[in-house]
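**Student:** Copying in the features that TrEMBL gives for the protein in this structure:
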DOMAIN    6-307  domain 'Hcy-binding'
BINDING   Cys210, Cys292, Cys293  Zn(2+) binding site
REGION    350-374  region 'Disordered'
Amino acid sequence: MTPGKKGILERLDAGEVVIGDGGFVFALEKRGYVKAGPWTPEAAAEYPEAVRQLHREFLRAGANVMQTFTFYASDDKLENRGNKVTFTGAQINEAACDLAREVANEGDALVAGGVCQTPSYLSCKSETEVKGILKKQLNVFIKKNVDFLIAEYFEHVEEAVWAVEVLKETGKPVAASMCIGPDGDMHGVSPGECAVRLVKAGAQIVGVNCHFDPMTCVKTVKMMKEGVEKAGLKAHYMVQPLAYHTPDCNCQGFIDLPEFPFGLEPRILSRWDMHKYAREAFNAGIRFIGGCCGFEPYHIRAVAEELGPERGFLPAASEKHGNWGAGLEMHTKPWVRARARRDYWENLKPASGRPQCPSMSAPDGWGVTKGHTDLMQQKEATSQDQLKQLFDRSKSH
């Protein structure tokens, strides 16, 4: 860690608000650097300038955690279903660590090395095998001396606990966030029980990321906090939700929505929705507040602006953004100048502009999870026969 910078636990112990960054795989997919489907992070090595620029935009927006772009960088994911990459997981992770550190050093930001769930777990590989895959990623984080570690995007608490146990061996601070909602993990373990197991495994920060909208995620972390406190344990709390409205989701979240991943734009939260989210999270006692898929830098800027009074400063990006639309006072049209006020934006109900669209969807309900034959992964590309079977089944749902 850069000399003079406070660590993650030091900041949280002091009651400081820590703001995370946003969803790199979705943001970079839209920019043409990540392929939807595998969602793997080889762009860190292939197109470092794109990853570096996105880090800088989140830093300028107010984030003070630069999470390494290492999502799904385990070798079993990089080689899954015919995905061909020209870099190893270690090469990708090293490049990602270097980029995150370079940009973190441009501000008062920390570097977090991240690991996530593995295809091997879904394919019922053993604890030893899954931990071996996670340890292989961890070697790079130790070599590059990241400031703390995050085990994120776990659907099953069992695998999340395994990840925490591996990360704890480094002696670095460990955060653990699961991609679950109020119904708990994919085997029905409640959020409170998930949090208790993670804390007992050694996580000092627990929470949720991805799969659900901000308010649903805050509700889930509240349940985690209640479970931890009821068990007589202590932890810090984090939340890094989607930037999409998901009131119609089931327990598996937005990946079950028919709009996933290419038709989600009508669900995007506005910057003013993000103000509400930041305040709700802060009032719930959550102090590590960031974003996941769909979050762009302007969303993080909104979080930083809402919590500016608590943090004692505004982000650099606020130089180009008047408080609650104040910059519109400079507009040439009087009816737009009339929108330069908080009550206008707080009370607006944005229209979608899509007359034939429903307000909500019916999620796919295939009801499969770890252990089901449908989730057995393979190195080979998905065959046309396998696809036809899926297309036929999809029509029946």
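Placed from the backbone N, Cα and C atoms, the Cβ positions cover glycine too.
Any idea what these are sitting next to in the structure?
**Tutor:** Residues near Cys293 (Zn(2+) binding site) in space but far in sequence (CB under 8 A, at least 6 apart, same chain), listed by position: Gly23, Val25, Phe26, Cys210, Leu242, Ala243, Tyr244, Phe254.
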**Student:** Counting only other Cβ atoms and using a 10 Å cut-off, which of the binding-site residues Cys210, Cys292 scores lowest?
**Tutor:** Cys210
**Student:** List the helix, strand and coil residue totals of the region 'Disordered' (350-374) as derived from DSSP.
**Tutor:** 2 helix, 0 strand, 23 coil
**Student:** Using the centroid of the Cβ atoms of Cys210, Cys292, Cys293 as reference, list every other same-chain residue with Cβ within 8 Å of it (recorded Zn(2+) site), in sequence order.
**Tutor:** Gly23, Phe26, Tyr153, Cys179, Asn209, His211, Gln240, Pro241, Leu242, Gly291, Gly294, Phe295
